[in-house]
Amino acid sequence: MADNPVEHLSEAEAAEELGRLAAEIAQHDYRYNTEDAPIISDAAYDALRRRNLAIEQRFPHLRREDSPSNKVGASVSEKFGKVTHVVPMLSLDNAFHDSDVEDFVGRIRRFLKLASDAKIGITAEPKIDGLSLSLRYELGRLVTAATRGDGTTGENVTLNARTVASIPNVLSDSPPDVLEVRGEVYMSHADFAALNERQAKEGKQIFANPRNAAAGSLRQLDATITASRPLQFFAYAWGEVSEMPASTQMGMVDAFRSYGFRVNPLMQRFETVEALVKHYHQIEEQRALLGYDIDGVVYKVDDLALQQRLGFVSRSPRWAIAHKFPAEQAMTILRGIDIQVGRTGALTPVARLEPVTVGGVVVTNVTLHNEDYIKGIGQNDQPIREGRDLRVGDTVVVQRAGDVIPQIVDIVADKPRGPSAYVFPDTCPACGSHAVREEGEAVRRCTGGLICPAQAVERIRHFVSRNAFDIEGLGEKQVEFFFKSEDPALHIGTPADIFTLKKRQANSLTKLENIDGFGATSVKKLYEAIDDRREVSLSRFIFALGIRHVGEVNAKRLAKAYRSYEALANAAMAAVPPKDRADKGNDAWRELNEVEGIGSIVAEALVDFYAEEHNREALAALLAEVTPLDEEVKTVSDSPVVGKTIVFTGSLERMSRDEAKAMAERYGAKTAGSVSKKTDLVVAGPGAGSKLTQAQSLGIEVIDEDAWFTLVGA
Ligand code: IVH
């Protein structure tokens, strides 16, 4: 933004700047309202609007037709149907200082020609930082849900709104025939953090704050995605109402509660400015503890007859105002970027900041999500921070988005920049193994697997889990205990250590049976469980290694194809992936790719795994203790399903539908898409519908997915 104070602008400069601001604000409105992906902070956006307004106030005749001051929000996205709001959804004026509240009440008294000390009932409630939604009920049933849009026309998000638990589909009590309830859809801090964690794990979009997450979740063309996102709703206003159930703001909100809506428990009615301001500061103190974002307190004249008389000025009511909290932003210096390794091997960069107080809390670390985020590249290659990369030494703006989750929202452009671009490491800081980023993924991962201490506990737990080595007596607590123990007779850092535990214990003075939580019997049982697994099927062995993309099904495929551990390991070590499009890789690579169901992604993961010396060492140690049994090949004629017709229905958890079909065919069966008298067997997963009913009525045998695996001996 231009630094020239508004008072110093010439008329020509003012005209030019108003044009630039109109375009810039419109662009930010679009990013915010339509794409749910703002590229500047709220404070920076407010500053642009304030400057626009200040210039307009100094040069009223220069006010443009497309002035941002005339608009509430951006145009409606094309993706959704449109809904016209019979009663427009307007905005609120802002107050920033306690004295602005005094002015607000003073204006009301003057407008109503009341005495300067006349008492006026005014409600005060939190301003929820989400997105507003208008819900239309006819005869007590939800018929339309619409976003605010530009205030006059919003987007039809009815199907999405129906999936929100706190939005009733049918109202209780006796609501008016036509009732439009308005309120805020939002996401709690805890749900926001969990969602972003899930998104990051899946390499998907990271939301900047709970409000964007709520907006992005509600505005989904596929309402099942909305359903999977934990949204909540507070009712606080209304549009068209056929018969008003109350004559005050409080009374209306009480009525909403009786119809089944959630209303904010912090709403109260006061009669003096002092009491309003006191409540504001009390809410401000509780802000960080509420568990959801609020950005101020809204005051509303309680008496609806007075609201009616007060009416509106341009885009906001005269009877209400939003008393905003000061922006929780602060400047500090980015001192360093550290890399943390998660339990799944994901490398997450963390900014180390010169400690700074933001909204009363000292912030020293903030997550930087992934390497693209540092480079200034967002989802779909959209620029973030206008495409500027973060460098150690930069002066940055830190915001406690969502009050509790701090983040860097910008780089201060007029401060000296850090000297050099940050180079994201391609080795794991925890174990030194290569860290690779697969195509289409935002996350770089450590390939150290078994030997990476950051991943070890999770890997060992996977190794002993039911479908892998299935060792009872090694639960989460025990694995953590053994891993953390520094006693050489107790430490379990790699799978091989599990199998040497008994031997190490025999020569040691620290006896496991004397340690809290382990009795003599449980230790004996543990050793038995371990010894029982010194021979294990090849497919379990492969699955237990926790190689990326090698789940149970792929482990079985590889076991069947290579039949012995040596054959598989030799193939994975000999395989050379193609260097470019023209190259097809060497013979071993092509053979690996030709294994049914194994594609280049899995093949590459295997090659990467064996390319790490650490992994080969861990495997050698394990193979000194454990023998993977050669896979017996079942000939098709052995299979109990030869010649049978099988229908798969419902959702399958261990394999995709295509895999299921391929598997059935491999065992000599045919598959069909519908159930008829010719069907011999139905494999039904959860959620199976008409096919299952049909099978039952025809008396056809129905089994579940696990039983299918057992039946064919897979
Ligand atoms: S009353 C006529 N009450 O703030 C105005 N708005 O800046 C009716 N908001 O679009 C709005 N919490 O999205 C009202 N307790 C509250 C609110 C609230 C959040 C939002 C709402 C509105 C915006 C206005």
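The backbone N, Cα and C atoms fix where each Cβ goes, and this holds for glycine too.
In TrEMBL, annotation is done automatically, which means it is predicted and not curated.
Matching Arg148, Arg219, Arg257, Arg352 to the NAD(+) binding residues that TrEMBL gives (Asp42, Ala43, Ala44, Tyr45, Asp46, Ser91, Leu92, Glu125, Glu184, Lys300, Lys324) identifies Arg148.
Here the candidates are the binding-site residues Asp42, Asp46, Leu92, Arg148, Lys300. The one whose C-alpha lies nearest to that of Cys452 (Zn(2+) binding site) is Asp42. Proximity of the recorded positions (Asp42, Ala44, Asp46, Lys127, Lys300, Cys452) to ligand 1: a Cβ under 6 Å from the molecule is found for Lys127. Of the chain residues outside the Zn(2+) site list Cys428, Cys431, Cys452, Val341, Gly345, Pro429, Ala430, Gly432, Ser433, Cys446, Gly448, Ile451, Pro453, Ala454, Gln455, His614 have their Cβ within 8 Å of the site's Cβ mean position. With Asp42 (NAD(+) binding site) as the anchor, the candidate recorded positions are Lys127, Cys428, Cys431, and the one with the nearest CA is Lys127. Here the binding-site residues are Leu92, Cys428, and the one ringed by the most other CB atoms within 10 angstroms is Cys428.
In terms of C-alpha distance, the listed recorded positions Lys127, Cys428, Cys431 place Lys127 closest to Asp46 (NAD(+) binding site).
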